[in-house]
Every structure is written in C-alpha cells, then in structure tokens.
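Asker: Mind having a look at this structure? Questions to follow.
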C-alpha cells in the first residue's frame, strides 16, 4: 500500500466523523453573523433576546450560551465578559462556527420593565452568570420553563476548559470520566474510532510488506489484542460511553464527572491489566519450571510483577478516586 | 484368591469414566438450586413458549405440531408456529418424556422440560471432554469436562427450569465441532457425515447455528492461508457443507435461507474457493510452471469476476437475502443502537462489561490466554481450530452479553489446555526428582575412582539442592492452583445459587431475619386472568410478557417474545405511550379486552414497564414519526416521573395505568405516592381513567390489569 493510500484512508475516516448540523433560518442568520464577527461575542439587545432566544426560535438546533451581565459599572461583569469572549474565540478557532454553539452577551437593566421580565423568567438573582439555552429540537415551547435553560458552574470562571467540558457533556459525545488525569488513551481510542481503524489498516499494510503475516507470533499478538479488548468491555465503552475528546489550549481534556458507565472504562483497563499480569506470571513460572534451575532473577521478576500489579490497583484507587468494586477488591 | 485389577490403561479408563460420571452428577445437582430454592417451574419468558409447544407435541402428535397455526398470539395476525420455530428442543424433551415413560418413570411433561437442561449439562461435559481430548489430551479433556459442568457462563442458561434452546444447543455446538475435527483428523467421509448430522440437530435447535456455519469456513480459510491444506480437510469440509446444507434445509424455519441468505454465503464461498484451490493444484500437475502461472492468473481473474457478478445479481434480484439485524450488530456493535431499537432494547443484546467476564468465566479468563499461548507454541490442525473459535467467541461475546454462552466452552477448552500443560510441567518437576533420587543412581559414582567419587558427590550434592528448591516451588505452585480451582468451584456454586437460579416468574428477597420472602404476583395475576375472563379475551401487554400470558393465563395476546412483526409491536408501544382517548381507539381496533402492566413502584422492582418505557417509545417512533422521545422527557432531557415529568409521559397510558390509585397507598410516612423503584414522589398522583377500569391488582401491585370499557347503546355513562 502506498503512502497516499494511507493518507486517503485517514482523510476518509475524518470525513466520516464530521456530523452535520441543520439550522433553521434564524439560526443560520445568527451563525452567519457570528462568522462575520470572527468569533467575537455577540451582544444581543434584551428585546431580541426575549423574542428569539427565550422563545426558543434561536435554539432549535443551537446551544446559545449566554453570559448575563448588568449595565453600568459592574467590575466583575467586565472581567467575566472578557474571559468569556476569549473562551468563545478559542472555542470557535478550535471547533469552527458550525459546531452548534453560539456565544452571546445580554446586558440587563433592572430598571427596565422588559429586562425585569427576562430576569423573572430566568430566576435571575445575580450577575454575571452564564446560561445555556439548550436546543428545543423543534418542540413548541412558547413560554420559558425551568430546565429550558441551564446555569453553568458559577464557582469557577468561565474559561475555555470549563466551557469545553460543559459543551462536551451536553453533546453527549464526551465521556464524563474519572480519568481526568494523565490517562488519555481510552477517550482518544473511542473518540477517533474511524481514525484508529484507518491506522490499523495502515499497520496491517506495513506488516504485509514486511512479511509479518507468516510469523505465528504476529497472529498471537493479534489474538491477545482481541482478547484484551473484549474482556476489558471495549464494546461496552464504545457503545455506551462514546466520548469526544475536547481540547483546551491544545491539551486533550476529558471531563470529570462521576458516572458508573465511565467507571467501567477504567475498571476494564485495570481488569485487563490484571488478567494480563497473572497470565504472564503463570507463563513465566511455566518457563522457569521447564528450564534447569530457578534463578534468583526469575524469582525476583515474578515478585516484582505481583508487586507491580498490586501497585497499579493501589495507586489508581488513591490518585483517581476509583471506587473499586467488591469483585476487584477480591481480585486484588 | 488373587484379584486382577487390570492394566494401567484399564485403570486409567475406569478413572476417566468415573470422573465424567461424577461430573455429570455434579453438574446436575448444582443446577437443582432453582428447584430447591423455588419449585419445579419453567423459568423466564421464552421457555414458556417452548413448554407450550412441547406440550402440544406430546399431546397432539407431530403432524399437529408441524401444522400448528397459533391464533392466540399476535392477534389478529396469528403465527404459523410450525414454520417459525426451531423444533429441536421440543422433540428432545418429547423423546425424553417417552423414554422415561418407557422405563417406568411417569414424569409429567412439565417436569421433563424443567429437567432437560440439567440432564444435558452432563452431555455437554462429555462433549467438552471429547473436543479437548482431540485438541490436546485426555488430561486436559477431564479438566474441561469438570470445568464446563460448573462454569457460570453456561450455568446461567442450563439451570433446572431454563427450558430454552441453549439448554441443548451448547452441547450440540461442542459436539459438532468435535465431530468435524475428527473428520479433519481422519479424512473420513463417515465422520464428515456425522458432522452433518450433528449440524442438523444444531440447526433444528438454535438460531445460533449460524456461528458454526461461519466458524468452520473461517477455519478452512485460515488453514488454506496458512498453507495447511490437506485432502483430509477437503473431505471433511466438502462432506460437511454439502450434506449439512441439504439437511439443514429440511428445517422449515431455515429452508432456502441455507443457500440464499447472506449469513450463509461465507460457507458457500469457501466451498467454491476450496474446490477452485484443488482444481488449480490438479491442473498444476499436468502443465509446466510458466503455463501454470498464466493459467492460474486467468482462473483467479475469472473466479473473482464470476463471484462478484453472481453476488451482484443475487443481491440485486433479491435472491440473496440481506443480513439480519443481529448479524449486522455483531459486525458493527453500534448498528442496533442506531437503527434497530427492537434489538437494542433486549437486555441480552447489550454489550458486555468487564465484570460479566469475571462473573461468568472467573478463573478461565486468566487461563484462556495461557491456553492460547500453549496452542500457539504447538500449532496443529486442531489447535488452529480452537484459536479461531476462541478468538471469534471472545470478540462476539463483547458485542452481546448473550454470546458469553458461546465463549464459555472456548474459554474452558483453552483454559483447560493451558492449565493441563501448566500442571504437567510442575508435576514433571516432582516426578523427575523421584527418579533422580533413585539409590542406584546415587550409588553409581561409587564404582569409579576417588576423583570420580568426589565429582559425583559434588554433582549429587548440587543437584539435590536444586531439586529441593524446585520441588518446593512446584508443590507450592500446584497447591496454589488447586486453591484457585477450589475458589472457582465456590464462586460457580455461589453464582448459580444466588444469581442464576431465579425463575423470574417468582421473585424473592431476603428478609431482615435472613429468611427468604417470595413474591408470587405474576402467577397470581395470570391465574386470575385464566379463571375470571372469557376464554377468547384478548390481553394486551408489552411483548415481554406475551409468552407467559399465553402459557399461564391461556389467553390471546397481541404481541409476544417472538418479535417477528416490528410494526405490530410498535402499535402496542403506541397504545402504551398514547393519551387515553387514542389508546382506547387502538384497543377497539385490536379488540383488546384487558390491558396488563407491570409496575414495581411498591416492591422496588426495577424491571417494570415504567422503567422500560423509553424502549416502547423508541420502537414506536421508528414506525410512527409523530412519537418523539424528547416529549416524554423532562425539560432537562431526563426521564422522570417526579414533579418535572415530561408532558407526554404524564398523559401516557403507562403512567396512568401504573399509578392509578397509587397515591392511596402510604408507602413512606409523609409522602404521597412515593415510587420505591425510582425513589421519587410521583409528580401527578391524581390519575383518573375514563375508558379503562381497574380489574385486578396483584398483592404487591406488581401486576395491574385493566378492563377496556365497552360503550353502551347510548354512549358513555
């Protein structure tokens, strides 16, 4: 297989991963306006906000993430709006303008009757605050109701990582994961399923070129990979917890949220490691027995394998706050 | 008098058969927990249909069975049972029933059905012994026999009362593989014919026969690619394929699918390829190398062209049927969840979590890679087969939890091969020591010179030091392995008794004093229907309960677990998800007299209709686009029956029928209508009904039955 074949496969895999979003006419206009602004924060008048966002017309398919601020001299509002704007720009640079998210700013004047009406409808008690007006999916919701909007976390500034995490959770394409640490391999695997498949095909082509298919050890490795993938619940993770890895400042960031399904991902990895270590230990013991003598190195190696296995479980449960289920404890 | 105990070989055979016989007893007894803890009862859902069919077969005879049109299911469509059923298990139970009566055991057909799976578990152990012996040796075979008798992955479908196809199909799967491997080993047409017969039995018993239909061709393909073609392989495969296909077509449910459906095309393709390969080899013996190259290129191009053309014409003309949804799901695990909600909704079609592997295979998850390593180090025709089988089974088991059943034998066989090799290695260490410690061997150096004596002493001295260490290690390792095996037995027995012996029809829990408390609401409700409703009454429920309703209540159902008509099921889903007036119209169109819902709010039973409800909605929306899932969700996109309940859910029949009068109960002090299954106080406790009236509610409110009101001559009053 030539190199351009591999590139074409990668390109195809990336194309397959792109999901299209179809907007209504008003939403399209908003997105176009946003493009013209180059990702700068759109400032919506309250009337327009009331007519289109609160009524649901502007977010049949779009998530309208709105930072509510107060007119006049509001120092925290200015700070937060600046941060929010930076986040919006960065977000659009990373994800483009057709990502299904729109960032707007609405300034509320408590002295105006209409503004008071909006504040009342949203249950607004303080500013600045960030709301997401979730897609109504074409449903007819003439009046705003509790739950149509959602308040983002207010105890942290609305920087890119928080917004990215939130967006990822809302699109349900990210794994809200306990693995908000250095282990990024699983979300990457799951998020880039097609790319991985293309990469596997490329590797297989490489193996064919090198004649590895005639090696039985090559096939043994393939079989063990299939075994490990299956027993670690890989299919379950792909189907039930398919994530989208989001990038914050170029760093891949899965979202941290306690979730039983995502717990399975990490547990599956640990379980697979455990099975692998035990199997290796057994085979090592067997090989040692076949040989003439038991050397000190062999014994030390076996002890170190067991210690490593124990350490993996111990450290993981401490560092990542994994709730080790009963059976895993038993195995440990 | 001197008693001859026979040769070592006879003793070995005696020991072997003794172990297998004891394994049979062990497997049978362990599967009796369900009878001991509950009673001799048919379990779950599908077994009720199998029991009903078997009873008809025994009572009415085989012609009535084949011609049976069941007008009591899928009303008003009905079901041609004889042509839509795998009859193997029915004929097996009927034959066992006749046999028992012939030898004087007057067992009822129900008890025979209950005991079928435990009895067959012994045959599974025998089959596993034979297959593992074929792959490795009798020692590994014995380990496999004992292990498969206890492995929870197989136990879950073979406890007493689990009268489902898998009860006999796993035995037949292993048997078919063994007989096929025997034919590969011997090149005998007789064994190939026997493989076809066992394949016929398998096809008549379970839809999972398709696994055999594809694994054997894959194995043959791998053998060809690995350069291990032999005439034995040719005879075995062609014999099996031709005879097996013709025989499998005799099963009405399969019929021409055996040569027309996409699932069978792989086997046909490999059959063609194998013959082409043999033909090319034959031509090669007549022509020169250069001519052969030209010819072979021509043949390959021609063959590929013909194959593609035939495939295109076959698919385009509809002669070759498409893959079934389940098959697509195996290849693309996300397929069902995206496109076929009826498949995705079934619990046993869900992907498998890692914990299921531990629960169902336990020690054999660890031993399986060891076995793979061992067979890879000693490649034979038989070992290649178990590698192919094991790899496919472990992958498919990850896609569908149900296929853990197919993996269990592969894991046991590979694990047993690995364990046997492991134990033999360490046993050899101990045996070697015994031979080395022979006093003659120790005395031998004494005959030589003094220098030789010194060397000999040094050698013995150093060797004994090494042997002592090795013996200790070997004994320690073997002891640990036996400890782990004892843990495996303990785990298997525990899982069987606690998790896999529940019949689903009767629920149980442990009370505060540790005693078991039973909830018999399902049977209570079904018997109420049987005794208090007209014999031709039509009862509507979600399809899960169709087989039980027909089996226990003997009433006509609208949909059942056969799930052959998605549109009809969607109609039932529409009724459950619709407001009362629309639901009433659907009831009148379908002549429904009673509607049955399962409600776990009082008993904290999580698998009730309220929790399942999103699946009916999804299935309905796949047929009727006016039904939108998000309308049944809260504004936050959650599924809740609390105060924030979705508007459509509040109006739906499921909500109304489940929670009607529920607020009258004082489940928790100070709470009105507290649902224990969902741990929430229901948002709208004031449920009223216009077109339906409550007919029966079981003791623990688990089953609620409503009568559809009939309008009088003047309209509603």
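Placed from the backbone N, Cα and C atoms, the Cβ positions cover glycine too.
According to TrEMBL, the protein carries these features:
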- B:19-414: domain 'Oligosaccharyl transferase STT3 N-terminal' (DOMAIN)
- B:536-595: domain 'STT3/PglB/AglB core' (DOMAIN)
- B:445-464: region 'Disordered' (REGION)
- B:14-36: transmembrane segment (TRANSMEM)
- B:85-105: transmembrane segment (TRANSMEM)
- B:112-132: transmembrane segment (TRANSMEM)
- B:138-155: transmembrane segment (TRANSMEM)
- B:167-194: transmembrane segment (TRANSMEM)
- B:206-226: transmembrane segment (TRANSMEM)
- B:265-283: transmembrane segment (TRANSMEM)
- B:295-320: transmembrane segment (TRANSMEM)
- B:357-376: transmembrane segment (TRANSMEM)
- B:383-405: transmembrane segment (TRANSMEM)
- B:411-430: transmembrane segment (TRANSMEM)
- B:473-489: transmembrane segment (TRANSMEM)
Asker: Any chance the transmembrane segment (B:206-226) and the transmembrane segment (B:383-405) are in contact, meaning at least three CB pairs closer than 8 A with a sequence separation of 6+?
Answerer: yes
Asker: What residues in the same chain, six or more past the boundaries of the transmembrane segment (B:138-155), come closer than 8 Å to it by Cβ-Cβ distance?
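Answerer: Same-chain contacts beyond the flanks: 12, 16, 19-20, 23-24, 26-27, 30-31, 121-122, 124-126, 128-132, 170, 359-362, 364, 404-405, 407-409, 411-413, 415-417, 419-421, 424, 488-489, 491-493, 495-496, 499-500.
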Asker: Counting by DSSP secondary structure, give me helix, strand and coil numbers for the domain 'STT3/PglB/AglB core' (B:536-595).
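Answerer: Its residues divide into 33 helix, 7 strand, 20 coil.
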Asker: Which bits of the chain, at least 6 residues beyond where the transmembrane segment (B:265-283) starts or stops, bring a Cβ under 8 A of a Cβ in it?
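Answerer: Same-chain contacts beyond the flanks: 213-214, 216-218, 220-221, 224, 229, 234, 237-238, 241-242, 245, 259, 292, 295-296, 299, 303, 307, 311, 320.
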Asker: Do the transmembrane segment (B:112-132) and the transmembrane segment (B:473-489) come together with 3 or more C-beta pairs under 8 Å, pairs six or more apart in sequence?
Answerer: no
Asker: Counting Cβ pairs under 8 Å to the transmembrane segment (B:167-194), which of B:357-376, B:383-405, B:473-489 comes out on top?
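Answerer: Highest pair count goes to B:383-405.
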Asker: Tally Cβ pairs under 8 Å between the transmembrane segment (B:357-376) and each listed stretch (B:85-105, B:383-405, B:411-430, B:473-489), then give the stretch with the top tally.
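Answerer: Between the candidates B:85-105, B:383-405, B:411-430, B:473-489, the best contact partner of the transmembrane segment (B:357-376) is B:411-430.
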